[in-house]
Amino acid sequence: MQELPGIVITGASGRMGQMLIKTVSDSDKVRLVGAVEREGHDWVGRDVGEAMGGAALGVTVTDQPLEAFAKAQAVIDFTAPAATIAFAKLAAQARAVHVIGTTGMTDQDIAQLEPCGRHAVIVRAGNMSLGVNLLTKLTQQVAAALDEDFDIEIIEAHHRHKVDAPSGTALMLGEAAAEGRGVDLKDVTDSGRDGITGARKRGDIGFTAIRGGDIIGEHDVMFACDGEQIILRHKATDRSLFAKGALKAAIWGQGQKPGEYDMFDVLGL
Ligand SMILES: NC(=O)C1=CN([C@@H]2O[C@H](COP(=O)(O)OP(=O)(O)OC[C@H]3O[C@@H](n4cnc5c(N)ncnc54)[C@H](OP(=O)(O)O)[C@@H]3O)[C@@H](O)[C@H]2O)C=CC1
Ligand SMILES: O=C(O)C1=N[C@H](C(=O)O)C[C@H](O)C1
């Protein structure tokens, strides 16, 4: 009988790291084979289940990612841009599927993934949920159907710990809206309004970020014209939906050709 794909989780102690450890260890389609934390982290050397305050899972947290990746078929990585770039090189070396949920990556960061994608499968998305990926497709369609009489505004809300803005999801939605309109998002982005900003420029795509409490992730795409507004909305109420999407991507990636993919590929959207 063939062994189930082995999965390593990076950033194991993080909000998403812990959710991923739980989702992977509860699954009957994959095996948890590794948990990575940075050097000096107090979880290193401990059983990851016990470090999370539960039963032992038989996996010791390590600060040696390459050793862990070499034993795995996939790495699920929701950490920080610098860590993700380093992990991408190691996952490519180990020929493991690299599922990247990390947001806040610059164009230069993303360019560094390209050589890694020549050796291994990378699946990267600012949001791994089915709902948001569907919303992204709908955003593109609505933007394509409406003209610039409709101002597009993207409003996102997240918990107080989030470090990047606009969120990865907001940027995905903005890219989709720009694509629907046939423009480059970089030419029409309007974010961080403050002070005497001047009137809104026709055709711009605006971004607003709210940060507070324990909000998991909420995104509105508003199309506003004189006399009416259309609002497309997604609300995440449980982080497990991101973890389930990431797990689906890790399984989907097995047997795919090396390259860079996204959740549209995984979900067939
Ligand atoms: N695509 C999607 O569907 C989703 C994406 N995200 C994204 O995932 C990322 C993580 O979010 P969240 O879990 O809330 O953040 P947390 O801050 O809770 O977790 C991040 C984890 O990564 C670890 N980490 C950071 N740098 C390194 C490193 N160099 N080596 C090893 N570990 C490292 C942190 O360790 P330490 O504490 O020591 O710094 C921490 O354990 C964010 O970019 C977020 O936007 C979140 C949800 C869904
Ligand atoms: O940091 C988070 O929490 C989230 N980040 C992702 C993003 O930047 O869009 C996805 C989700 O909204 C939660």
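Our numbering is plain: 1 for the first residue shown, then up by one each step along the chain.
Using N, Cα and C of the backbone, Cβ positions are placed for all residues, glycine too.
Because TrEMBL annotations are produced automatically, they should be read as predictions rather than curated entries.
As recorded in TrEMBL, the features of this protein are as follows:
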DOMAIN    7-128  domain 'Dihydrodipicolinate reductase N-terminal'
BINDING   Gly11, Ala12, Ser13, Gly14, Arg15, Met16, Glu37, Gly101, Thr102, Thr103, Ala125, Gly126, Asn127, Met128  NAD(+) binding site
BINDING   Arg38  NADP(+) binding site
DOMAIN    131-267  domain 'Dihydrodipicolinate reductase C-terminal'
ACT_SITE  His158  active site, proton donor/acceptor
BINDING   His159, Gly168, Thr169  (S)-2,3,4,5-tetrahydrodipicolinate binding site
ACT_SITE  Lys162  active site, proton donor
Query: Where does the mean pLDDT land for the domain 'Dihydrodipicolinate reductase C-terminal' (131-267)?
result: 98
Message: Can you check which residue among the binding-site residues Ser13, Asn127 has the largest number of Cβ atoms within 10 Å of its own?
response: Asn127
Query: Of all the binding-site residues given, Arg15, His159, which has the fewest Cβ neighbours within 10 Å once its own Cβ is left out?
result: His159
- prompt: Per DSSP, what is the residue count of the domain 'Dihydrodipicolinate reductase N-terminal' (7-128) in each of helix, strand and coil?
  reply: 44 helix, 26 strand, 52 coil
- prompt: Taking the centroid of the Cβ atoms of His159, Gly168, Thr169 as the (S)-2,3,4,5-tetrahydrodipicolinate site, which other residues of that chain lie with their Cβ within 8 Å of it, listed in sequence order?
  reply: Thr103, Gly126, Asn127, Glu156, His158, Lys162, Asp164, Ser167, Ala170, Gly217, His219
Collapsed DSSP category at Gly168 ((S)-2,3,4,5-tetrahydrodipicolinate binding site): helix
- request: Using DSSP, tally how many residues of the domain 'Dihydrodipicolinate reductase C-terminal' (131-267) sit in helix, strand and coil.
  value: 51 helix, 39 strand, 47 coil
